[in-house]
Amino acid sequence: MTEYKLVVVGAGGVGKSALTIQLIQNHFVDEYDPTIEDSYRKQVVIDGETCLLDILDTAGQEEYSAMRDQYMRTGEGFLCVFAINNSKSFADINLYREQIKRVKDSDDVPMVLVGNKCDLPTRTVDTKQAHELAKSYGIPFIETSAKTRQGVEDAFYTLVREIRQYRMKKLNSSDDGTQGCMGLPCVVM
């Protein structure tokens, strides 16, 4: 069974835990209890493949920012979550993305931009803005509601698909026949 290490990042109060719990336990948590760090595991079938999702739900509060580098190192893919009724959380996405790229030492890291709380009528972040940001990053954008479950599976499953594509790309680029297992050219005698 293939395992995927997913990390949910974003500002405090955007619904990272609510999204994760909705996926794992199929229920909505409406009281706000700031997370320090929680880990969840769930077995799912995505595109006919049985997968084990190892999901790290992270702290959005600034006082826990020192922990970010550590979980960013171990994560394979990132759900970058903002709340559609919180413009500051949308602006913060770039900070998370830049930190992920720095820690991973790569511009090519599987990510999905997630606009949560789409069930709320008080939108301050336009869908078009979010689509444009995602397009500029070269990543998918999905609107979700942890309350109604809209887009929840889609967000996590899309991230798994992004990780699969990334793994295949890495496999193909290292499997071009020019390098042996020690990183040296092979010589047939």
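Any Cβ shown, glycine's included, is placed from N, Cα and C.
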Candidate annotated in Swiss-Prot as S-palmitoyl cysteine, out of C51, C181: C181
Candidate set T35, T74, T122, T127, residue annotated (Microbial infection) O-linked (Glc) threonine in Swiss-Prot: T35
Correct range for motif 'Effector region' (source Swiss-Prot, candidates 32-40, 104-112): 32-40
Per-residue Cβ crowding (10 Å cut-off), top of binding-site residues V29, C118: C118
S89 (phosphoserine) and K16 (GTP binding site), distance between Cα atoms, whole Å: 12
Least buried by Cβ count (within 10 Å) of the binding-site residues G10, G13: G13
